[in-house]
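Record features, source TrEMBL:
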- 122-153: coiled coil (COILED)
- 169-258: domain 'DHHA1' (DOMAIN)
- 271-380: domain 'RecJ OB' (DOMAIN)
Amino acid sequence: KELSGAGGAFKLGQALLADLEVPGYLNFLKWQLGLVALATVADCVSLLGENRTLVKYGLLVLAQTRRFGLRELLRVAGIKPVCDVQNLCTNLDSFALGFMLAPRINAAGRMEHANTAYDLLVTESENEARWLAQRLDDKNKERQSETEKLIRQTESGLKNLKKAALIFAGGANYASGILGLVAGRLADRYFKPAFIFGQDGELVKGSARAPEGFNLIAALEKSKALFVEFGGHPRAAGFVLRQENLGRLEEALNKAMRQQAAQLPPPVLCIDVELELADRKKLADVWHFLEKCAPFGQDNEEPVFLSKNLMVKNSRNVGNGEGHLKLDLANQKGDIFPAIGFGLAPRAAEAPIGSQLDVVYKILPDEWNGEKRLSLKLVDFKVI
């Protein structure tokens, strides 16, 4: 019951091919596992049980994929897959699938038409695959740029945010394909439910995202008479209503979200272990152990670490729209640990060069010019 749609299709195909006794069906199925792994991670289903097995072996298949489209997608994402068949290991991981490949595939539907992604996955022409992969990469950059622009536009219009029960914003220039992305980023950044909407003629179409503990559907249900339609689950929802009902909806949602917020316990940052970063070898040793627990994802999250008393040696904003915070942190011996805080650029002033920080992070592997490096993926930090 925890399978993604692609996982369910894979199991159905497995049963049918076995029942029909199709020659060589097991080898055929094996080469589909790369797609199954990609879809399973992208759909954020639980990475326990059978899903974990499908993704673990799917990563091995994806690293050797025969599909021209996936090869080219890996290339434009800057990933050079390596697979050690004998030891059943690869440099591909769930982060690469969820944050590097899936966004490029999803960009097709968000920015133009999903057929572009479909054509990429089924093409048997290497030249066409190269062109389609580059198009998806371009569309993903466009999606990133548009998302950052709308986030900045929304933030510039927010007033009395500390006292506000929610974020409620939109307009004619809010593209429908990225409403959920904007809402999700704002909900994470400010720990408040975010309702972001665009206009489609006389109708208003929106997406909502909420932090843990809130129930969007319960709030929307209280105002169901205002909607043309709505649906989703407690932390992610969509809605459609007529323009004239927008003011009444904002008033009703403010009341509902304020009531829910009053019942929430204070947010808690869960830390698994305190780690003294004595040198880079220690960080590498920890990561080598964690690799045995991979692939990480929903319900099998990477451990969260706390390391204290690190000095900021360098600080800069990076990424499309410079929305991410990149730090070089040093321990007392002067060993440098690169750190990246996705979406944390607005907090750059809190970590000036020379300041001492306690940092909460996950370990993030990446590659640069064929060399594997480990960075600290910042969850939170404070000046000491």
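We count from 1, first residue shown onward.
Each Cβ is built from the backbone N, Cα and C atoms, and glycine gets one as well.
Those TrEMBL annotations? Automatic predictions, nothing curated.
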By DSSP, how many residues in the domain 'DHHA1' (169-258) are helix, how many strand, and how many coil?
40 helix, 31 strand, 19 coil
Rounded mean pLDDT within the domain 'RecJ OB' (271-380) lands at 92
Count the residues of the domain 'RecJ OB' (271-380) that DSSP assigns to helix (H, G, I), to strand (E, B) and to coil, and report the three numbers in that order.
20 helix, 54 strand, 36 coil
